[in-house]
């Protein structure tokens, strides 16, 4: 066989061997798997010998994505110091106004009581607030109303409101007589009737004028229309249910005894004594019972009427005696207006100062950029290498 024939025969067998058969496909798969198994242990280098250079900064994409959110945050940070500074300035004006108002009310408390004008209307309450006035007339004890419960010295009780008929105008007004314990709410359970349930027709009562306030939206309203109990002093509702003028009068704190004086005795006393006062105070000797209507003379052992008692001193009770007897404890002549505007002023100005500092820090950080550029990174690396290498 010639050389040419041998080559052609080898080529033909090579072509025939390349034709895929069932056994050939299995062998090729096995060879490929074994070859991959051979190359798995080879570790290639991870060093990028030719790094990709670009002029694009990593900050570009992040700035585009977060530009809208940053604008909102910066807008709020700019607005916060301005708004808080304005509110602080507004509290300065409020502080001046409240200080003048409290000073004016304290000045009114120093004035002597005067008779309430006949033409007094609810619109005048603001100008007459904390002014002492004298009301002459009689109480309607069968129309008493209560606000509470309220605690006093750890004891449960209520504020007592009683309608009052004026002698000069016949007008029906509402007087807050004071605090009374829960056990003495019923009139039959009270003692010292000349103080707890005065029945005089021409009684004089010293009160403070207070402007009526409406019930707040978050305060409880009275659910039972037939009840005489309110949770809060809703003067308009109380006046409407009792037919009174919507004006709030608060009886003053008074622990002194005010015995009933007959009309002829009052006229005789006015002739013999040139000094006149709002109440006629009488002295009782130590043997005199407080609740009784008569006293016993130590010399004659005979009972004496109120008109025969000495009048040079005054009996004065304490609060505990009034609580046990069921006598309402009036309001002390003090100002209850709160003045917290100085605290609000410091709070708003402090918030303005702190928010300004945060804004300056945020602007400085935004100016430097959130991500380090390639040039800055290269400079930092060279600086580090010179220092430690």
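Cβ atoms are placed via backbone N, Cα and C, with glycine included.
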Query raised in the report: Which residue range, 342-362, 363-383, is the one Swiss-Prot calls transmembrane segment?
Result: 342-362
Report task. Would you mind telling me which of 30-50, 51-71, 72-92, 93-113 Swiss-Prot tags as transmembrane segment? Result -> 72-92
Report task. Calculate the per-residue pLDDT averaged over the topological domain 'Mitochondrial matrix' (363-389) and state the result as an integer. Result -> 74
